[in-house]
Amino acid sequence: MGDLWVLLFSSLSLAAFHGVRGCLECDPKFTEDVRTLLGNLVPLEVPDRNQLLDRQHKEITHISSKVSHKDKMLRLLAVRNVIKLREWLKDEFYRLGNETWKGVFIIQGNLLEIRQNLEKKLTQIIKNFSEVACSEDCIVIEGPVLDCWNCLRMTTRCFKGDYCQDEDPKTAENREISLYLIFIAEAVILASAVLLFHVCISHRRKMKAIRRTLKTYLEKKLEELVEMIYKDDGEKNLEFGRSNSNSLTGEPTCAESEMQTGT
């Protein structure tokens, strides 16, 4: 039994190293080895053995497809990581093969636990690798890379576009809303500045016009006042000159003439 396990897993390792084209289900040799290993876990006398093996084989080999198609960012995986996962799965099958047969329900529970652990490990490994492969720094990836969607083996060192996750729609929407609000705020600030500038310029022009009008008005009034003063002074000087001339010639003034006439 032990020699058979060694032989089967040796062929499994060789299949992993030679001609690996994709994730777990991408290698036909791997899927056949899983079927053989499952058959060694279930005795021949178990009822509906073939249906049980087919169901377990399908669920195990399709885990990679199940994980990869959840998100397009989960489609890339390094070949070395695929080999590690297969080695881990090999160890789990080997552990179950060394245990005593305890019935169909027990083996199904054990296989379910293996599938759940395999799915968790595969999801985490793919996420970690994709974050590195799709990083903005474009970190160099060593070794071949597998596209789990179409089982292609690539040597690309940096990945963009279809191989990387799109931006979260909510994040993009929030960014658009933020940019729109920033644009509105800038427009309001700019409009307020223009309006304030216009008000200040208009107020300044109005004040200049008012000062100019007031200055003109005051100058005009001042000229009128000066003219009135000059006119009054001229009349007084004229009357004073007449009085002096009458007194010198002996002619009575108008007031004296009236007084004499009255007498």
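Heads up, the Cβ atoms here are built off N, Cα and C, so glycines get one too.
Swiss-Prot lists 23-176 with the feature topological domain 'Extracellular'.
For Asn98 (among others), the entry in Swiss-Prot reads N-linked glycosylation site. Listed in sequence order, the same-chain residues six or more apart from Asn98 (N-linked glycosylation site) with CB atoms under 8 A from its CB number zero; the list is none.
Within the same chain, no residue at least six positions away from Asn128 (N-linked glycosylation site) has a Cβ under 8 Å of its Cβ. Here Swiss-Prot flags Asn128 (among others) as N-linked glycosylation site, drawing on sequence analysis.
Annotation comment: Swiss-Prot describes 177-197 as transmembrane segment.
Swiss-Prot lists 198-263 with the feature topological domain 'Cytoplasmic', giving sequence analysis as the kind of evidence.
Among the features that Swiss-Prot reports, region 'Disordered' is placed at 241-263.
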